[in-house]
Amino acid sequence: MAASELYTKYARVWIPDPEEVWKSAELLKDYKPGDKVLQLRLEEGKDLEYCLDPKTKELPPLRNPDILVGENDLTALSYLHEPAVLHNLKVRFIDSKLIYTYCGIVLVAINPYEQLPIYGEDIINAYSGQNMGDMDPHIFAVAEEAYKQMARDERNQSIIVSGESGAGKTVSAKYAMRYFATVSGSASEANVEEKVLASNPIMESIGNAKTTRNDNSSRFGKYIEIGFDKRYRIIGANMRTYLLEKSRVVFQAEEERNYHIFYQLCASAALPEFKTLRLGNANYFHYTKQGGSPVIDGIDDAKEMVNTRQACTLLGISDSYQMGIFRILAGILHLGNVEFASRDSDSCAIPPKHDPLTIFCDLMGVDYEEMAHWLCHRKLATATETYIKPISKLHAINARDALAKHIYANLFNWIVDHVNKALHSTVKQHSFIGVLDIYGFETFEINSFEQFCINYANEKLQQQFNMHVFKLEQEEYMKEQIPWTLIDFYDNQPCINLIEAKMGVLDLLDEECKMPKGSDDTWAQKLYNTHLNKCALFEKPRLSNKAFIIKHFADKVEYQCEGFLEKNKDTVYEEQIKVLKSSKKFKLLPELFQDEEKAISPTSATPSGRVPLSRTPVKPAKARPGQTSKEHKKTVGHQFRNSLHLLMETLNATTPHYVRCIKPNDFKFPFTFDEKRAVQQLRACGVLETIRISAAGFPSRWTYQEFFSRYRVLMKQKDVLSDRKQTCKNVLEKLILDKDKYQFGKTKIFFRAGQVAYLEKIRADKLRAACIRIQKTIRGWLMRKKYMRMRRAAITIQRYVRGHQARCYATFLRRTRAAIIIQKFQRMYVVRKRYQCMRDATIALQALLRGYLVRNKYQMMLREHKSIIIQKHVRGWLARVHYHRTLKAIVYLQCCYRRMMAKRELKKLKIEARSVERYKKLHIGLENKIMQLQRKIDEQNKEYKSLLEKMNNLEITYSTETEKLRSDVERLRMSEEEAKNATNRVLSLQEEIAKLRKELHQTQTEKKTIEEWADKYKHETEQLVSELKEQNTLLKTEKEELNRRIHDQAKEITETMEKKLVEETKQLELDLNDERLRYQNLLNEFSRLEERYDDLKDEMNLMVSIPKPGHKRTDSTHSSNESEYTFSSEITEAEDLPLRMEEPSEKKAPLDMSLFLKLQKRVTELEQEKQSLQDELDRKEEQALRAKAKEEERPPIRGAELEYESLKRQELESENKKLKNELNELQKALTETRAPEVTAPGAPAYRVLLDQLTSVSEELEVRKEEVLILRSQLVSQKEAIQPKEDKNTMTDSTILLEDVQKMKDKGEIAQAYIGLKETNRLLESQLQSQKKSHENELESLRGEIQSLKEENNRQQQLLAQNLQLPPEARIEASLQHEITRLTNENLDLMEQLEKQDKTVRKLKKQLKVFAKKIGELEVGQMENISPGQIIDEPIRPVNIPRKEKDFQGMLEYKKEDEQKLVKNLILELKPRGVAVNLIPGLPAYILFMCVRHADYLNDDQKVRSLLTSTINGIKKVLKKRGDDFETVSFWLSNTCRFLHCLKQYSGEEGFMKHNTPRQNEHCLTNFDLAEYRQVLSDLAIQIYQQLVRVLENILQPMIVSGMLEHETIQGVSGVKPTGLRKRTSSIADEGTYTLDSIIRQLNSFHSVMCQHGMDPELIKQVVKQMFYIIGAVTLNNLLLRKDMCSWSKGMQIRYNVSQLEEWLRDKNLMNSGAKETLEPLIQAAQLLQVKKKTDEDAEAICSMCNALTTAQIVKVLNLYTPVNEFEERVLVSFIRTIQLRLRDRKDSPQLLMDAKHIFPVTFPFNPSSLALETIQIPASLGLGFISRV
């Protein structure tokens, strides 16, 4: 693309600047090829002429569009170059306070030098399980990606953290390890993750120090491998260390410190255990005072010492070993204070009894003289002899320092080995994630051996990094099948060869170290001779012969040769080491030096796999022939090279992830960005190299759909095809002519660097042109509108002026016209009056004359008409008379003629009738004649009828005309009379008119007078009325004001009291909720510890019961004992479950619940305290009313109960006495009155009497119960029964009892029983049975009517609901209802069948009993009675009907069937089948009915065992299927129902208010199960928490996709295209959830809970928790995703929330508190949509966002990103204003909401109206071994 197309007017470029590195400027005119100068304008408004380089003609780099500024990924920038990268990092760091940014596969982390709240556990949970491209850049995102790729690809991972000292490498590595420890639990050993984290404070204390650049700088490199098992849980870790900076032990530069551990020891010197170390202030010791900065601001070394010791203890370092470590460290400090005195130039000595050396020897346990001798001497060995040589003071000091460094290095390695042993696991490692905390590229004014090794390591790492980046780039191209060429990138291999190849720098250094007289100078000369002018990367400084320069990938570095050989050899005298090894009092010291040679050997690595790199070879005193070890000759450089090769092999075998830490400034100022320092580090850490590699290929990638959506504005309508891919191709070919600038892949379009910016420029130009056109149109419209407004104003003025003139002229014309009209009307009146008189006279004459003529004419016409009528009638009469006469004559003639003809014919017929043939012929003719005659008769009849009708019509017409003529005559006569009267009337009226005119004139005169007086009176009256109204209004106003004041005061007082009461109530509720939450958290913690205890116990059993030969046994991991309960929410439990299920279970002894109950005492006290608080609150609210209600309600109920109990007790006692007396008297009477043979036992009469007596006794018991029930009802329902009836009933009962007693006293009981009583009893029993059957039938009919009514209501409701549903939902609802109806009918039929079966079985059983009794009776009679006696005394058997006993709502089972009951009812029960086919809560009812029977039997052991087994069974089911929502919901519902049953039937008054009398009879009588209710309540809380976890696990994957990512409102894009975001995840989305998915899941949850019969209040709490999870997860992701913070996304979120609110309304759950949990999300969405410019906007935001914390508000404003370039970003000054306004707000500094928070749950008492005695046990449950009682 030509430069002239890009470098146009308004284009922005970057130009170099000495201060800011790069400055932004804008072109003032287009660039043309050949121009030497660019006309620019800087951002501050200064114009500048920028001269181009005449040689290269290189133009300044272009600036990216504003829409790309602040991107999460640097490679998403269209122009990829240094200034763009620097500017993007600066904007994110300074403006948005974002310290993390992606650069391809690299995470760039800038040290903020400030504590940020972005590393808490809530942030870890937010990033856990998320795709890397979905969240904002973070170290946790990199760690999650590594963890996910390890689990998915089953490949080891590495996280390489590098950067300068002080850039934050150690902190980043520490947070990465913390993330792994948090998201994955330990597999076998306890607290493995805690041990991994505990290694950090130990390694920081012994390996970190304060430098000029960093207060906590790591002075060694480390690679930590975190091991995972097959389930990807942490099982251990392993650490490798690299190149410890030992020189810091003996020397520190200005403003630096030694290692932290020394200062921690000095700060803790006052501790009693440290007295023996004889430490003091750090300034006392030579090794800690050289830097002059012993204290770090904000760091307490004493506290850090405590943390270090705690970490050592956690890692298994015993107190004795810890004290040994501290003794060695203290000895090093004292050794540094040892001073030497010179004897001469070649010898020195230590003063006798030198205190520092004495302390050192005491601490080390070595001989003072021996150590003092070898510090001042050394042993030399030749081929023939060995001799001791004194050394100078300088050499002695160097030897002392070398010894101190060697001791510290060995101690460091020992601690590392011990840490590795503590982190080592016996479980086989499946995979690992390595975290490499390595030093970055370093260059100082003086660079020595340490910087050389560091830069060498960075060259190797950079080479590996370049290859990995290149590989990923090419894989993407190959995947999309686009042609690509080899990308040229910087190759580090030449530099690496210069360092490590044969005859390289390290090789020559090692060779020089082997030379007896080798020196730094000779080594430098060898380097010059070998590489100078032969290797382009090697140079020699101009002014030095003791230095060399290497061109590294980042920069040129000049190394000083001085000290290279000494540091490479790192020699320490062996005699000093032998003295330390000889220590007998100190066990740790010899351990540091034992097997030193073995430790150095690469073939004898430590068990942890660590490669020790800082071991120092010990120089032997004498080289023995044949035993010279090559391992002792290995130098530090050689060891480092080998370890680096091992490290690279490890990294190459893993998938690397890169973190580059940047130090923003050298002064540690928070959020201060130094461009110069940042550019240096960006060049050194490879970020710019990544940019260069990306820029060489196709850095910008767009999907076809995104490209089409973004650049649709550049297309014409004819270019848009149905095939989006082809459309994009056609458009690109027109927009970008150079086809090399883009490539078409399978799913994406790849662009070269700068092409997206070019397209954005074209798009912006197009939109700018459109905007200009819109502006032109709008401005024209505004000017037109202004002109029209002015024109309308002018016209209005003209109209008013002309109107005034016209009105004046109109007034003149009106007056003139009025005068003319008055004249006209006056003249017209006179003329009209004269004319009217003449006209009236003429009309009157004409009327009279015309009337006279008309009357004459009328009379003549009337006479003529009457004459014609008379003539007509006369003529008609004459014609009729003549006709009748003629007709009569004709008929007579015809009759005569016919008579004659008939006679003749008769004669013929008589003759013919005598022959048969004639008769036949006649017969045939007669038939035809008869038919013809009949036809003629019919015709004549018809004709007669028609003539008759005509005659009638003529008569009617005649009569009508006659009446009409009569009326006409009458009317004419009347008209004549009226005309005469009118003439007379005219004359009289004329006279009256004249008279009235006079009266009218008088009346008009009077009227004027009256009107004048009335107007005056009216005016006065109106004035008076207005004055009265004003006074009345004032009085009303005053009255209203006073009333308003009184009302306001009353209202204010009321509101104050209500507000105070509400505040107190809220405070009490908060305290109650806090206490409840604290208790439930403790319960949750107890469950977790219990789970942990069970797991450890199972593991211990598993370890103990190792299979032996010939005997195979596997312990169960599922225990059936006690109250074990676990929540399987992690991947580890889910994967462990199949393994546990396969193992056989082993029965254990049941838990004694008394132990668990003792643990609940504290819980009971807390509940009582909460109850007292609640009671106090209730008393404050409704004290008077509630007290009065209680006084009215309690006495009658309590009195009725007491009366019933006392009556029952008295009746029982009296009946017992009566029955005893009766039996005695009866036996006595029988003995006295009957013969011995009759009354002997076994006799028939005796048996009959005894049977009758038994029957009567039973009947009396029945009567007694009826009387007691009646009496209790009379006492408790006095208002329903009249006193008189009460008295009669009681009297009747008393009389009945008195009669019975009299009969007993008289001795007539036998005859009464045999006679009358028997008859009465039979009649009463028959009557009772009939009455009962009638009542049952009536009750059944009522039940059927009620059920039919309910069914009708349900059908009507269903019909109403169906009419509101769409057709598909209507069909589905109808089917569901039909299924429910059929199921209920099926259940009813099953119940009826069961009842009938039971009745049949009962009848059969009674038949068998009766048959058996009859058989026994017959046998007894045959044995005891002779035949004669049988004949003489026949005994008639008496049929005694028994009353069938009602069910008592209990279930009986045997003790040995308890486990079977738990197994069938709990363990193997399928919730779905029970919930669909049976009544809700059936298992709970069954269990309670079993408890009732055990209580009825007074068997405490049975009650305890059943309840314990039930609780354990429920826990076992939830442990086995705890991740199934239906199972958890089912048992939560049943547990609550079981708890409610225990309360409802406990017998406590508070729970019996809603019971029926029958239900009160079912209350428990022998046991108080209040403690078990507490246990069940705790169990319900645990199940509820498990239910919440299951809900969370199901909803979690849906929330972000459905609430944030899915575009619910079509046409409104809430996020940028991925082409602008660039960063994508390594894992493709498996499925996209929408808001409908969430709502469908909510519907599923709600329907399942309703189906299980869960309490409505509990459902509301579950829904509230679900909505809290949705709101918290959505808000947390919003706060961590910059791409989601836009205006359109806020609108999408608000719409989604409204849909959730609509769901709440549909389910009638708006009062559940769920909507309030969404308030933070709603306010966040509103914050994205409101204006964010002025102070008024800031005030509105502060008042609106009261549910968001200050941190959240500021975070949203910082993250706000416009979706397109026409939106404005939030200014930094506006954010500062918000912070100032919210400064006084007291809220949590926490950024994210706690998505794991669970609201405290309560279980309000919900009694059941279901009668226990009506519950049937379905056969499908397999509970045939229990029976109803």
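Note that Cβ sites are derived from N, Cα and C of the backbone, with glycine treated the same way.
Residues or ranges marked as domain 'Myosin motor' in Swiss-Prot (evidence: sequence analysis): 69-764.
Per Swiss-Prot, ATP binding site is recorded for GLY163, GLU164, SER165, GLY166, ALA167, GLY168, LYS169, THR170, and the stated evidence type is similarity to another entry. Non-local neighbourhood of GLY163 (ATP binding site): ALA109, LYS169, GLY440, ARG660, CYS661, ILE662, LYS663, GLN681, CYS685, each in the same chain, at least six residues away, with C-beta under 8 Å from its C-beta.
Annotated domain 'IQ 2' per Swiss-Prot: 790-814, in sequence order.
Positions annotated as domain 'IQ 3' by Swiss-Prot: 815-837.
The coiled coil annotation in Swiss-Prot covers 916-1239 (among others).
Marked as compositional bias 'Polar residues' by Swiss-Prot: 1117-1131.
According to Swiss-Prot, the feature compositional bias 'Basic and acidic residues' maps to 1137-1148 (among others).
The compositional bias 'Basic and acidic residues' annotation in Swiss-Prot covers 1170-1196 (among others).
The feature coiled coil is assigned by Swiss-Prot to 1315-1419 (among others), with sequence analysis given as support.
Here THR1734 (phosphothreonine) comes close to no residue that lies at least six apart in sequence on the same chain with a C-beta under 8 angstroms from its C-beta. DSSP gives THR1734 (phosphothreonine) a coil state; it is part of no helix or strand. If you look up Swiss-Prot, you'll see THR1734 marked as phosphothreonine.
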Subject >> Stretch-averaged pLDDT - the domain 'IQ 3' (815-837) >> reply: 93
Subject >> Same chain, 6+ residues apart, C-beta under 8 Å of the C-beta of GLU164 (ATP binding site), given in sequence order >> reply: ARG213, GLY440, PHE441, GLU442, CYS661, LYS663, GLN681, ALA684
Subject >> Residues of the domain 'IQ 3' (815-837) by DSSP state, where helix covers H, G and I >> reply: 23 helix, 0 strand, 0 coil
Subject >> Shell list (ATP; ref centroid = CB of GLY163, GLU164, SER165, GLY166, ALA167, GLY168, LYS169, THR170; cutoff 8 A) >> reply: ASN111, ASN214, SER217, SER218, GLY440, CYS661, LYS663
**OP:** Just jot down the residues in the same chain as GLY166 (ATP binding site), at least 6 apart in sequence, with C-beta under 8 A of its C-beta; none if empty.
**Re:** ASN111, THR211, ARG213, ASN214, SER217, LYS663, LYS668
Subject >> Residue, out of the binding-site residues SER165, THR170, whose Cβ gathers the largest set of other Cβ atoms within 10 Å >> reply: THR170
Original post:
How many neighbouring Cβ atoms, not counting its own, are there within 10 Å of the Cβ of ALA167 (ATP binding site)?
Top reply: 25
